[in-house]
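Notes to accompany the following structure.
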There are 2 protein chains.
Amino acid sequence: MPKLWNETIETHRRAVRDATLDITAALVTERGLRSVTMSQIAEKTGIGRATLYKYFSDVEAILIAWHERQVTGHLKQLAAIRDQAGDAVERLEAVLMAYALISHEHHGTELAASLHRGEHVARAQQHLSDFIRDLVSEGAEKGDLRDDVAPAELASYCLHALTAASSLPSKAAIRRLVTVTLAGLRPTR
Amino acid sequence: MPKLWNETIETHRRAVRDATLDITAALVTERGLRSVTMSQIAEKTGIGRATLYKYFSDVEAILIAWHERQVTGHLKQLAAIRDQAGDAVERLEAVLMAYALISHEHHGTELAASLHRGEHVARAQQHLSDFIRDLVSEGAEKGDLRDDVAPAELASYCLHALTAASSLPSKAAIRRLVTVTLAGLRPTR
């Protein structure tokens, strides 16, 4: 087959897949995980049930794929913030704030808890942890952050401290949490 | 019945109960939750199966009672540390260190995760959170800790930051985590 034709098929497949993920996530949010069936998803997506089963084995598999796409999107967003202009501390603060807001918006539900046990989440957490470690290390080298504790330990401290964001009531409270967390990283006198 | 006799029965009941909790916890640690039966527990405790069922409906109920006793013991231990001599910051540091060590020693297993979903844990966490809030408040009034963020928010920050302890490799690393967490609470210049 010519290359163009292959690309068209690939584009079509990705579009069907993306639509399936979006529709499933919307249905599960609306009705709860246990009330959503493959038939409903096929109907809403406008494809046959048999076709849907060629893509995914069950509703849970669709949700995991959807969550992987979400997590990858969040990581890209955080990496883009990291790559903005500014010194290491400014960029670290921006990344921590964005991460805290993501935790706040997306977590605390039972569905989130069950999806977060997946391996793709562990990988993403490691990736995030590594890049926060690198920002901390850069700030410590410049003398703007403490250098008496290993950057990897400080990154772990940050990510755990920011899990408090999921139960905070407002964006202002999340900003205070980020300020306090960052204060723990300042050099000791 | 005379009072003494009642007390003797009560003491005996408590002893049987305590022994049952200890033996069950030891068996579950050794063999795993699913391999332990009520018969084995009765045999090891030296009481009849019928008697055991008067105290507890199943193995899970025993484990929950055991965990409640553990959690209550830890809270008492932390309250005793809080009530030692010293200023608010010293006592807060001692409480945070003790809590981080408890988290480090007792968590990270699947059994711990399932027991931690219990209501008694939520109550104990609230209790701990309240008394850390009071220490933070005392330190802030004296000017030793920051007063630009509400003590309850700072207490939540502390407890979340210290959950990092469960994956740390050593007591020295836990001490560094407590130092960094406490640094977040210092007054801003």
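Just so it is clear, glycine is given a Cβ too, placed from its N, Cα and C backbone atoms.
Unlike curated entries, TrEMBL annotations are predicted automatically.
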Next item on the list: Would you please say which range out of A:17-36, A:37-56, A:57-76 has the annotation DNA-binding region in TrEMBL?
Entry: A:37-56
Notebook entry, point to check: Mean pLDDT for the DNA-binding region (A:37-56), as a whole number?
Noted result: 92
